[in-house]
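Notes for the one structure printed next.
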Amino acid sequence: MASRGVNKVILVGNLGQDPEVRYMPNGGAVANITLATSESWRDKATGEQKEKTEWHRVVLFGKLAEVAGEYLRKGSQVYIEGSLQTRKWQDQSGQDRYTTEIVVNVGGTMQMLGGRQGGGAPAGQSAGGQGGWGQPQQPQGGNQFSGGQQQSRPAQNSAPATSNEPPMDFDDDIPF
């Protein structure tokens, strides 16, 4: 079995603000988003409806970062698959600080959910690692996140791979 462990995070939530996109010296895009997830329950003692919101820092790399910057906006609902990472940094006074983030890179997935929101992408469009190419995508639709069906690839992901990305693995069984 997996003797090295598993580090996989799956979130469905709404953006708390517009994505912040930056470019690394090598030209690769990096997008930072803040994702809110909420759970609600009824208090057994009072019968009162309660809700708790958790905020998550998410970092997207490469084509996913570009797609996020172009199509996601504050309030957009999104499905994220990534890994949990904690990084260490120093503040201006030299104190060590730690930040835990969900990192979405080559093996991760970002899928836009819901309808158009002020010029966003059509409902259900997604982008996966390698710009949506070479890996199974999540099925379209509300809350169905398992299964083997593949969807057509969105037009914004048809740009050629940059030199620092591995070659694309095309599926010979194209559904269109």
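The backbone N, Cα and C atoms fix where each Cβ goes, glycine too.
As stated in Swiss-Prot, the feature motif 'Important for interaction with partner proteins' covers range 171-176 out of the listed 69-74, 99-104, 171-176.
When Swiss-Prot is compared with the stretches 27-33, 55-61, the one noted as DNA-binding region is 55-61. Across the residues of the motif 'Important for interaction with partner proteins' (171-176), the predicted structure has a mean pLDDT of 47.
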